[in-house]
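One structure is given here, and the rest of the page talks about it.
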Amino acid sequence: MSAYRKGNIFIISAASGTGKTTLVSRLLANHNGLRVSVSHTTRPPREGEANGVHYHFVSKEEFESLIAQEAFLEYADVFGNYYGTGAEGVNALAAAGYDVILEIDVQGAAQVRDALPEAVGIFILPPSFDVLAARLNGRGTDSREVIQRRLSKARHEIEQSVLFDFVVVNDDLARAEEDLRHIVNACRLKRSRQLGFIADLLENS
């Protein structure tokens, strides 16, 4: 966290099964000054997921009440479940100088970029569709029909990667994490993100 600058907002998107969640977890564990935005969802928790840590798990009625209050930067219905990013928490973290990660889908990323043009978009690519299919099958949580739908959707999502600022291929977890760290560090060093430090330096010269 820096006392001199507003934090960056990083949008990290990927097709389902690309390893985005694992990469983000590793990045948060090994990189200081980063916070993740905890999304709201109406889907049931998976094994090992905790409310308020991985997601805010809410009912459909609660989610739709938040929509009516315009509480989300973005939200979407994904395979019958709502997902959304709360605006208040993201803005508070960035204002405090933290870099904020939004781990959201392509549709949500477009909504956030419209609302926050300064946000940095990063898209995670699988090394191949064969690897992606194997990862989805390996989860053991979805039917064959759902997996085929996810693969079909993945092709469309990967086509949308041209709208992002950076792409990272997750063929090796450690290397992909290192690529993400380089992106975060480079964005922190942008002149536009160091104006507070520069002004303070000149004032005290």
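Just so it is clear, glycine is given a Cβ too, placed from its N, Cα and C backbone atoms.
Annotated features, as they stand in Swiss-Prot:
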type	residues	note
DOMAIN	7-185	domain 'Guanylate kinase-like'
BINDING	A14, A15, S16, G17, T18, G19, K20, T21	ATP binding site
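Structure with Swiss-Prot features highlighted.
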residue : record           : Cβ within 10 Å
A14     : ATP binding site : 28
A15     : ATP binding site : 26
S16     : ATP binding site : 22
G17     : ATP binding site : 21
T18     : ATP binding site : 26
G19     : ATP binding site : 18
K20     : ATP binding site : 22
T21     : ATP binding site : 14
Checklist entry - Reduced to three states, what secondary structure does DSSP give G19 (ATP binding site)? => result coil
